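Novice: Please see the structure below; I have some questions.
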Amino acid sequence: MPENPSSSPTEPPEQSAAFEKWRSGLAQFTGLGLSESEKAERERLKAQGKLAKDWDKCEGWKRDLMNYSPMITFLLNHLKLAGCPFPSSAMQCHPCPENRAGGFSPDHGILLCQDRFFNKKHMEDTLAHELVHAFDHCRFKVDWGNLRHHACSEIRAANLSGDCRFTREVKRGFYAFNKQHQACVKRRAILSVLANPACTSPEMAERAVNEVWESCFTDTRPFDEIY
């Protein structure tokens, strides 16, 4: 009499391996059934993938803006004319904290916060803002530890870059129609000066901005007028 077949036959090795690959892939996709170490590795790989994706997008937008944005190409050209050519390598894409989109350092160039841009237009405004700082540093030898110097460059950058256009202000929750642009420029300049290590109070930041307001708000170099 023939033997009864086993109630739990052993799968062929290749079928078992295929099932395990499918199970592992599903677990990685859903996060279900993973050990704590596997979950940690999954999150690490996801974060790594997002960093790479954000960096690729930031670099692509940067390349497009450097080639096709009238605002950015204008500023880059005037930096070159002023004796301070600004290559692509001086504009670095990196992840940042939530409260910033970019930055300028005389020693390191421009920081573009790859994970903080709503869209390419936001990045264009940010890059223009930082390039105005770069232009000021090149042309006017700004002492960034001097609050009046810093305030002047922040006024000019906020005024000229598009950072204070009406649509940007609406997104921030500011809806004033009367002198909205001036109010935005002053507010954002004060906030930036307040972050200067040499500034010890909001009153000091506001005073520095007010002291240079008239001359710096009307100074549109290298533009003929507000863009």
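Glycine is no exception: its Cβ is also placed from the backbone N, Cα and C atoms.
It should be emphasised that the depicted structure is a prediction, and the values quoted were computed from it without experimental measurement.
Sharing the feature lines straight out of Swiss-Prot:
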- Glu130: active site (ACT_SITE)
- His129, His133: divalent metal cation binding site (BINDING)
Novice: Around Glu130 (active site), how many other C-beta atoms are within 10 angstroms of its C-beta?
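Specialist: Excluding its own Cβ, Glu130 (active site) sees 24 Cβ atoms within 10 Å.
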Novice: Tell me the Cβ neighbour count for His129 (divalent metal cation binding site), meaning other Cβ atoms within 10 Å of its Cβ, over all protein chains shown.
Specialist: 26
Novice: Please work out the number of neighbouring Cβ atoms within 10 Å of the Cβ of His133 (divalent metal cation binding site), leaving out its own Cβ.
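Specialist: Cβ-Cβ neighbours of His133 (divalent metal cation binding site) within 10 Å number 24.
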